[in-house]
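One structure is given below, encoded as structure tokens.
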Amino acid sequence: MTTGNKGAGGNGHADHDLNCLTIEELQAHAHTMMDKQTRDYYNEGADSGSTLLENIDAYKKYRIRPRVLRDVSRINTTTNLFGFKSSVPIGVAPTAMQKLAHADGEEGTAKACRKRGVPMGLSSFATTTLEEVAEASGEIPNVLQLYLFEDRDHSRKLIARAKKAGFKAVFLTVDTPILGRRNLEIRNQFKLPPHFKIANFVEEEEPALSNDETTPTSANQSRPRKPRAYSTAGYTHGEKRVTPTGPITFHTHAANPTLCWEKDIEWLKEECCPEMEVWVKGIATAEDAILAVHHQVRGIVVSNHGGRQLNGAMATLDALPDVVEAVRGQIPVHVDGGIRHGTDVFKALALGADFVWVGRPALWGLAYKGQEGVELMLKLLSDEFRLCMGLAGVTKVEGISKEYLVKIDKSGFVARL
Ligand SMILES: Cc1cc2nc3c(=O)[nH]c(=O)nc-3n(C[C@H](O)[C@H](O)[C@H](O)COP(=O)(O)O)c2cc1C
Ligand SMILES: CC(C)CC(=O)C(=O)O
């Protein structure tokens, strides 16, 4: 969005929610709105949660070098992706089960993104169908996040539906071949309440099981069939790979330990292209970035799943510069994890990211006020980002570079990049 400087994220008083002027305040409001199970599921990281915290803290190691006496009366925050002009280089990352936060769920997120003119990633484990989300998104191009199941048929069906619904890209999540250890989830014995469904896996042909059953038995095979939603990634039971049904538990779904470049990326490209671009989400090293380029994916997201997978892994902002250098501009590099302020967006772009995605802040927005809360979250980050650009003396997104940053080490030493 090109705007004049007046009110461009500064101190104009119109249009503010006076109870919520920062993402930190949004988080605090959300805290009071969510039940414990949801709050813990959304907010926790794997194991001790140190990577989750480091994702956030990594941004504090950089300071901005503002340039002055440049005409910043017109600031253009837009950027192009998937053939679309996003109002800011910020999208809503795919996060599972958004109806836990608010009845608006993924549809509310989609409408908020549409209003703010930014894309959204839809989780494979959404509580809303991808068709409903596509409808709510209108002209905004969306991304389907994929967990590639060993049972190819399910993935194939999902991909076909996404193409038909007009999704522009799939983000294959590659940091979750095995699910990270989330201790609060275990302690709370997390269960998706029965009135919610993992909406994109409603299967006409699935045998109806009671909520307590996790594997089909000969007894329940003969029961009448009815449509149901279920978890589908499969797990090993003795020699056999089985598809679990029944309640969603993180120990029976999502992970596919067989995932690999040759077998899966090539298959996925065959299935998706040319209608949808194939990206990989969850790259953290230069080596894998080079492989991604080699396998001709259309883009990568530097991500550690918001610190929910390998605790002890690098903060994403720390991983970013190596990846950017390795990719050498051949494909776009996005980043997510720990972004809580517009200045964080500026820093990520200065270190070479083309675009950023935010996960938990959108969930907090949903929990606070549904669709309106996600709009608020996007407005806060967008306003902060625009203000940061202006005060740093940059008027267009492509102009943000490492010239605008210094890195401060533990002893306080300031280094030019
Ligand atoms: C509650 C929750 C659920 C998530 N579900 C998914 C998912 O289904 N698929 C996926 O690829 N990433 C998922 N993620 C990871 C996000 O896409 C993103 O990488 C992460 O949230 C970014 O970190 P941030 O929350 O600090 O912004 C999830 C994250 C959270 C917090
Ligand atoms: C269904 C889950 C595996 C979703 C997820 O990616 C997460 O909780 O981090």
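From the backbone N, Cα and C atoms, a Cβ is placed for every residue, glycine too.
Please treat TrEMBL annotations as automatic predictions, because they have not gone through curation.
Arg182 is the residue from Arg114, Arg181, Arg182 that TrEMBL records in the glyoxylate site together with Tyr41, Tyr147, His305, Arg308. Cα to Cα, Arg182 (glyoxylate binding site) and Gly338 (FMN binding site) are separated by 18 Å.
Rounded to a whole number, the distance between the Cα atoms of Asp336 (FMN binding site) and His305 (glyoxylate binding site) is 8 Å. In this entry, Tyr41, Tyr147, Arg182, His305, Arg308 make up the residues listed for glyoxylate, with the farthest two CA atoms of the set 19 Å from each other. For Pro94 (FMN binding site), the nearest neighbour among the listed binding-site residues (Tyr41, Tyr147, Arg308), judged by C-alpha distance, is Tyr147. Summarising the environment of Pro94 (FMN binding site), the number of other Cβ atoms within 10 Å of its Cβ, over all protein chains shown, is 27.
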